[in-house]
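J.: This is the structure I have questions about; it appears just below.
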Amino acid sequence: MVGGGVIQQILRRKLHSQSLATPVLSWFSSKKAHEDAGSSGVRALALLGAGVTGLLSFSTVASADEAEHGLESPEYPWPHDGILSSYDHASIRRGHQVYQQVCASCHSMSLISYRDLVGVAYTEEEAKAMAAEIEVVDGPNDEGEMFTRPGKLSDRFPQPYANESAARFANGGAYPPDLSLITKARHNGPNYVFALLTGYRDPPAGISIREGLHYNPYFPGGAIAMPKMLNDEAVEYEDGVPATEAQMGKDIVSFLAWAAEPEMEERKLMGFKWIFLLSLALLQAAYYRRLKWSVLKSRKLVLDVVN
């Protein structure tokens, strides 16, 4: 009986200690769960903050890059961009008219002659009459003196200024670039030139432009010395096409693209001819390979030895 009573007391003490330990363990477990939830929330907030900071940093870098290098110009569907596409010659003629009446007073095209326009935008008689309107300093004559004469087809387009110093003095220190190769000299050339000519707008809030400059987001730095030159009805086209800002921009870009690559149509035609000839040669080689040489290659010789 004594032994049984002792055993019962030991069991009661063990059960009592387990009942006391259970709330303590549950308290520690709940505290750990709360700590895990809190640390997860802190990690989520940290990740969110890092993402927002990265996004803001990227936006700042992108804005700074656009301000330094200019806004990326959109892509436009130029008719001469296709593999077998050619220039719009009517647009080239109108673009030359825009260059003469709007651009030639400041920008030169020193690599283009009047004879280059023959068969592209004008007849030979029209080009001769156009060249005769300018005066060219030539010589020396038999007396050793220089003289002036009417222009000829072989003459280059006239220069608006005698030298670079005169050009900078007339344009407030800015030097108008030569336009002969402008669409090849600029990244994304035709799209950039069109976006630049039609992209003038008022500067946004917080941006100040120095006097004598004009805001254009497509120009590196955003400030350009050239004012907006393409305004509706700035020229009167010979063929009656409405001279809107976008139309004049398209035409002058077509003219400048031709000036930079006058051989493009001939190059594309020659490439197509070579591709056609090489395709015929490939078909002929495949024919001989399949029907001629395969027979010889698979031929077997049987040697019959007579005893």
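Every residue, even glycine, has its Cβ placed from backbone N, Cα and C.
Note that the structure is a prediction, hence the values are computed from the model and not measured.
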J.: Among Met146, Met226, Met264, find me the residue Swiss-Prot lists at the same heme c site as Cys103, Cys106, His107.
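T.: Swiss-Prot names Met226 for this heme c site.
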J.: According to DSSP, folded down to helix, strand and coil, what is Cys103 (heme c binding site)?
T.: helix
J.: Restricting to the chain of Met226 (heme c binding site) and a gap of 6 or more, list residues whose Cβ falls under 8 Å of its Cβ, or answer none.
T.: Cys106, Ala174, Pro176, His214
J.: If you measure every Cα to Cα pair among Cys103, Cys106, His107, Met226, the residues listed for heme c, what is the largest value in Å?
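T.: Per the listed residues, the maximum Cα distance equals 11 Å.
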